[in-house]
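Engineer: Could you have a look at this structure, given as structure tokens, before my questions?
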């Protein structure tokens, strides 16, 4: 038995015996966070936050710094891996009703928002063509805020256009926000262990629990090993798989790319933004696409916690997953028919899922009562 308090805390943590592989993604996210902070530090040592030198400093890291290419690729592809894990983690929470642990869910969505902000600031730092124009388009959405919009945008940019002060403050924010993520992650874990994690059946797990270590810790190691193996294979053989070709050119404010788009993990929100022709409406839809996740614990009306035994909710859940993938795909395409209509239909379906949660719950309750 371990003698150290922290080791004892995790080693003797009582966990339900029947939690499946879908519960492994929390530990995978923790590993991703550690990897991002570590590689990010080594990159920050060699990076220069200046619009004339930023792009050159990335080239210097890749070419001249020992293993700089590996650090840079691990950091860039590690971010994609981070978002893959977090989207699966949220999907598991939606499917198995983990959101009913309200405090944990709220802290988790706050974590998601902080992570998205951090990733956005990081995407701007290489000062490539797509980095610059994605930053211009997204930050310009602040001008849609009534009365305060222009002042807010000028304050964020540090001037009347994206320039050196913008890059400096984005670098500062990208450096400091991971520490906020670490703090929020600690809070998230504390709140989770206060009530205990759910399980696939949605039953009270108190009657059948086992220590986290060695049973679940060894199970977690399998997916962790597979994730790290996948990451290293991509870094070694397909390092540019997630990169945009435009980002291999230095930012040029005088030349607009044919098709401006952010990283793939923001495309679902960008697709929703783009599907609404009004600027303020699009900005509100973009914010609501994330903020609507806060409402789920309060709209759950079903007697059963997970969707395991709720066929209508299962159908809606998998419709949401396919909708999410379709919006992401449509957002990579030009703004022209039929992609405009596809984006509008899928955006409507995305929000419809959250509106139907209470109605489906009541319907399923009535069905069970009649059996």
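Cβ from N, Cα, C; glycine included.
So Swiss-Prot has the following annotated:
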TRANSMEM  25-45  transmembrane segment
TRANSMEM  69-90  transmembrane segment
BINDING   75, 174  heme b b562 binding site
BINDING   89, 188  heme b b566 binding site
TRANSMEM  105-125  transmembrane segment
TRANSMEM  170-190  transmembrane segment
BINDING   193  ubiquinone binding site
TRANSMEM  218-238  transmembrane segment
TRANSMEM  280-300  transmembrane segment
TRANSMEM  312-332  transmembrane segment
TRANSMEM  339-358  transmembrane segment
Engineer: For the transmembrane segment (105-125), could you work out the same-chain residues 6 or more beyond its ends whose Cβ comes under 8 Å from its Cβ atoms?
Structural biologist: 47, 49, 54, 79, 82-83, 86, 89-90, 93, 98-99, 131-132, 134-135, 138, 166-167, 170-171, 173-174, 177-178, 180-181, 184-185, 187-188, 191, 262-263, 265-266, 290, 293-294, 296-297
Engineer: Can we call the transmembrane segment (25-45) and the transmembrane segment (339-358) in contact, meaning three or more C-beta pairs below 8 angstroms at a sequence separation of 6+?
Structural biologist: no
Engineer: Using a Cβ-Cβ cut-off under 8 angstroms and a sequence gap of six or more, which residues of the chain neighbour residue 89 (heme b b566 binding site)?
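Structural biologist: Listed in sequence order: 25, 26, 29, 108.
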Engineer: Report, as numbers and ranges, every residue of the chain located at least six residues beyond the transmembrane segment (280-300) whose Cβ falls under 8 Å of a Cβ in that stretch; write 'none' if there are none.
Structural biologist: 90, 94, 97, 99-100, 102, 105-106, 109, 112-113, 116, 141, 144-146, 268-270, 272-274, 347, 350-351, 354, 357-358, 361
Engineer: If you skip the near sequence neighbours and keep only those at least six away, which residues in the chain come within under 8 angstroms of residue 174 (heme b b562 binding site), Cβ to Cβ?
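Structural biologist: Non-local contacts for residue 174 (heme b b562 binding site): 118, 121, 122, 125.
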Engineer: Counting other Cβ atoms within 10 Å of each Cβ, which of the binding-site residues 75, 188, 193 scores lowest?
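Structural biologist: Ranked by other Cβ atoms within 10 Å, the binding-site residues 75, 188, 193 bottom out at 193.
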Engineer: Can you tell me how far the Cα of residue 188 (heme b b566 binding site) sits from the Cα of residue 75 (heme b b562 binding site), in Å?
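Structural biologist: Rounded to the nearest whole number, the Cα-Cα distance is 24 Å.
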Engineer: If one measures from the C-alpha of the residue listed as 'ubiquinone binding site' to the C-alpha of residue 75 (heme b b562 binding site), what distance in angstrom results, rounded to a whole number?
Structural biologist: 30
